[in-house]
Structures are given as structure tokens and as C-alpha cells.
Amino acid sequence: MKTLYSLRRFYPVETLFNGTLALAGRDQETTGFAWWAGNARLINLSGKLLGAHVAHAGLIVFWAGAMNLFEVAHFVPEKPMYEQGLILLPHLATLGWGVGPGGEVIDTFPYFVSGVLHLISSAVLGFGGIYHALLGPETLEESFPFFGYVWKDRNKMTTILGIHLILLGIGAFLLVLKALYFGGVYDTWAPGGGDVRKITNLTLSPSVIFGYLLKSPFGGEGWIVSVDDLEDIIGGHVWLGSICILGGIWHILTKPFAWARRAFVWSGEAYLSYSLGALSVFGFIACCFVWFNNTAYPSEFYGPTGPEASQAQAFTFLVRDQRLGANVGSAQGPTGLGKYLMRSPTGEVIFGGETMRFWDLRAPWLEPLRGPNGLDLGRLKKDIQPWQERRSAEYMTHAPLGSLNSVGGVATEINAVNYVSPRSWLATSHFVLGFFLFVGHLWHAGRARAAAAGFEKGIDRDLEPVLSMTPLS
């Protein structure tokens with residue numbers, strides 16, 4: 001029987017289903033990995049691994065461009081974005097492209113340009129990926145030492161980390177530049193129902209920016225997800241970009257301290273596990289952000305948040321019944337609590353009924369009706385504007401609660417339409433991806449630590465049924 005375990009330390013071998021199969025001259029015997037182990041076959045071939053990563057980037061960018069153009073081709077300007085199953089155009093609209101007052105799409109050409117640019121970029125990346133995978137040098141260390149590396153070289157690894165941090169910092173500053181100088185971004189809090197505007201008064205106070213990190217994640221606190229001010233968001237990106245760039249320079253110029261050399265496992269699989277763990281955290285945070293935050297993810301494009309749709313329902317019926325003569329300030333519901341208005345645990349005037357659980361919602365269509373002690377009865381009686389009524393009625397029937405069969409809306413709302421909110425899709429997908437990335441982090445971290453301890457041998461397959469089966473080909 002062929003050797004099941006590679007003699008190379010740290011590289012457990014998986015069993016081939018067909019021992020005669022060899023791909024591009026790199027079979028199980030020479031690489032220590034079966035064909036289906038993917039890029040693990042290239043773990044010591046920096047040139048080929050570069051090709052795999054560049055080609056992967058090309059696939060990602062190709063999807064972005066193709067899906068972008070698909071959404072542009074299907075876009076109907078008469079309907080809100082969130083009713084059309086769009087997941088990319090809302091991001092472009094949030095950046096201020098092609099939209100005007102109230103989030104109305106006035107020009108789809110910027111979306112078309114975005115799609116085409118991504119397709120062109122994907123072609124360049126695809127060519128580069130194919131070149132490095134098939135034609136370029138197998139290893140970069142000899143020809144291009146700057147781009148070469150050895151996984152155990154701690155100094156080189158932190159240099160690569162530093163380069164990545166600088167690139168992330170530049171990305172953060174691109175958003176800052178867009179918001180400050182290149183047309184601005186969409187602000188759902190702009191007077192009259194939202195508009196595109198340039199950010200002119202950045203929040204750079206560290207007590208404000210880092211105060212979000214110190215907030216409780218519960219109740220009316222909401223940690224960083226509670227941000228409801230574009231000045232804070234863009235100012236936060238200034239801080240984040242600066243920290244990433246300075247941290248990148250630090251990691252390029254310095255070598256790991258002794259405690260870091262001892263604390264971390266320094267191998268390719270360990271770096272993979274660290275990356276998966278970081279991406280998992282990003283996914284969970286993004287899930288919470290898109291589900292609860294209607295400033296970074298404006299409801300005009302992504303649909304209302306769950307609390308927002310619930311409060312909109314209460315507001316819509318308050319408006320209706322008030323027009324029919326109800327005294328919304330004193331009417332009682334079946335429990336004896338206020339039918340339309342009641343008090344929160346902190347004494348604020350809030351909407352009554354089931355939506356009381358969402359009393360800490362903040363939304364641009366509702367905030368003008370608040371006073372120093374919560375909802376202001378005088379404003380509710382005299383200052384409600386038509387745009388607030390229209391928006392709340394729309395949000396009431398478009399709660400982000402759709403199921404797989406596309407039956408959407410609040411269970412108590414008979415006028416809900418059949419649709420699935422992109423807010424639901426984005427929150428759910430990021431949670432699921434974050435979870436599986438976390439599982440991947442645990443898996444690869446365990447393997448990396450075992451290998452570093454010297455007892456990683458792979459899975460014992462001496463009695464595996466497939467070994468006694470006839471090869472497929």
C-alpha cells in the first residue's frame with residue numbers, strides 16, 4: 001500500500017480516491033496533499049499560491065461586476081430598491097451615487113460604470129491569476145525576493161501583515177475622501193427625508209469615537225452599532241484608517257517581540273486560522289450593523305429595520321385614529337396601558353402596544369416628533385408631515401421578516417406584501433458565514449497547534465472502507 005502519511009512534518013496527507021491521478025505534475029506523493037486539498041498543495045510554492053489568490057480575487061470581482069450589471073438591467077425606478085431584491089445597488093446608493101432627495105434614484109449610469117469597471121478589473125486579475133498559476137515561476141524567493149517568503153520567517157510575516165494593514169487604511173480613507181470631497185454620501189437624517197451631502201464637520205474627538213467601543217451592547221446602548229450620525233461614521237474611518245496605516249508601518253519596521261514569538265504559532269495553517277477568526281468577527285459585527293443600524297444602511301435602500309417597521313405600524317394607526325377623532329394622549333388599550341402612547345422604564349413617552357419593546361428606536365421620520373421627554377403630544381397632534389406618514393406606511397408593510405417562501409412582513413400586519421428584505425438577506429448571510437468561518441478558525445487553529453506540538457499525523461485511515469473499493473476510473 002502507498003504511504004498514507006507524508007514524511008514532511010506538519011503536512012498531514014489525505015488519501016487519494018485514485019492513486020494514479022496527478023494534476024499538473026503535483027500528485028500526492030510529491031506534495032503531501034491529495035488533489036482535492038486545493039491550495040494546500042501549493043503551500044510551499046509561493047508563485048503558484050500567488051496565482052491562486054489573484055485568480056480568486058478575479059472571481060470575486062467578476063461576480064461583483066456581473067451581479068452589478070444584472071441588478072442595473074432589472075432595476076425599476078418606480079419601486080424602492082428593497083422591494084426588488086437588490087443587494088449591491090443599495091451599497092452604491094448609500095455612497096451617494098445616482099440618488100437625490102428622499103433616496104430617489106435619478107441616474108443609473110454610475111451603477112453601470114461600476115459594473116463595467118469591476119468586469120474589466122476581473123479580466124486583469126484573471127489574466128494575472130492564470131499567468132502565475134500556469135506560466136510564472138513556481139517560487140518567488142529566487143527571482144523576486146521581496147515577494148518571496150517562508151512561513152516560519154516571523155519578520156517577513158509581520159511585514160506582510162503591515163502591508164495588509166496599510167491597504168486597509170487606504171480603503172478607509174477612500175470613504176473619507178468620497179464623503180468630504182467627491183460628491184458626499186447619502187445621509188438618511190438630512191432634513192425632509194434624506195439627501196446626498198458632503199460631510200463638513202467630522203467627529204474626531206477620541207472620547208466620542210472610542211466611547212462607542214465602551215458602550216454596552218444591550219438595550220438602548222447598542223455598542224458601535226448604535227451610531228446614528230454620519231459625522232461620527234466618517235470620523236471613525238479617519239481614526240480607523242490612521243490606526244491601520246500607523247500599525248502597518250509599525251509592523252513593517254519592527255520585529256515581533258519575544259512574548260509574541262512565544263505566544264503565536266508561526267505556520268501557514270496558523271495564519272489561515274487567524275484570518276478566518278478575524279473574518280468571523282467581521283461577519284458577526286456586520287450582521288448586527290445591517291440588522292439594527294439605519295444610518296450606515298439607510299432604510300430607503302435596504303428597507304426598514306425590524307424595530308422601525310414595528311414602530312411605523314404604531315405610528316400609522318395613531319395617525320389614522322387621530323384623524324377619526326381618537327384622543328391618542330389618553331386612550332387606553334385592553335391591558336389598561338396607553339393604547340397609542342405610554343411611558344418607557346425611564347419615563348419617556350413612547351408608542352404603546354406591542355411595539356413598546358422597541359421604544360429606543362431612532363429613525364429620521366420619527367425623531368422630529370420627539371421632545372425632551374420622548375414623543376411630544378403637541379407635535380403628534382399638529383406637526384406630522386405627509387412625508388412622515390408616507391414613509392411609515394411604506395415601512396409598516398415591508399418589515400424585514402420574510403421567510404424562504406417570500407411571505408414578508410409583520411404577522412399582525414394584513415397589508416404586508418410578499419417580499420424578502422435585503423436587510424434580512426444581508427444580516428442572515430453574514431451571520432451564517434461568520435459562524436462557518438468561526439468553525440474553520442477552530443479547525444485550522446487546532447491542526448496548527450497540534451502540528452507545532454509535533455503530534456499532527458493526519459486521520460488514521462487504515463480501516464477506511466474506500467481503500468478496499470474499486471477506483472472510479
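Just so it is clear, glycine is given a Cβ too, placed from its N, Cα and C backbone atoms.
As annotated in Swiss-Prot, transmembrane segment covers the listed stretch 178-200 rather than the other ranges in 178-200, 201-223, 316-338. In Swiss-Prot, the transmembrane segment annotation falls on 255-275 of the listed ranges 3-23, 108-128, 234-254, 255-275.
Transmembrane segment is the annotation Swiss-Prot gives to one range among 291-312, 357-378, and that range is 291-312. From the options 422-446, 447-471, the stretch Swiss-Prot describes as transmembrane segment is 447-471. Summarising the environment of GLU367 ([CaMn4O5] cluster binding site), the number of other Cβ atoms within 10 Å of its Cβ, over all protein chains shown, is 11. Long-range Cβ contacts of the transmembrane segment (178-200) within its own chain (Cβ-Cβ under 8 Å, at least 6 residues beyond either end) map to 93-97, 99-103, 228-231, 234, 294-295, 298-301, 364-365, 367, 387, 391. Long-range Cβ contacts of the transmembrane segment (134-155) within its own chain (Cβ-Cβ under 8 Å, at least 6 residues beyond either end) map to 43-48, 50-51, 255-256, 261, 266-268, 271. Tertiary proximity for the transmembrane segment (69-93) is limited to same-chain residues at least six positions away from its ends with a CB under 8 Å from its CB atoms, namely 99, 103-105, 108, 110-112, 114-116, 119, 186, 297-303, 394, 398, 417, 419-423, 425-426.
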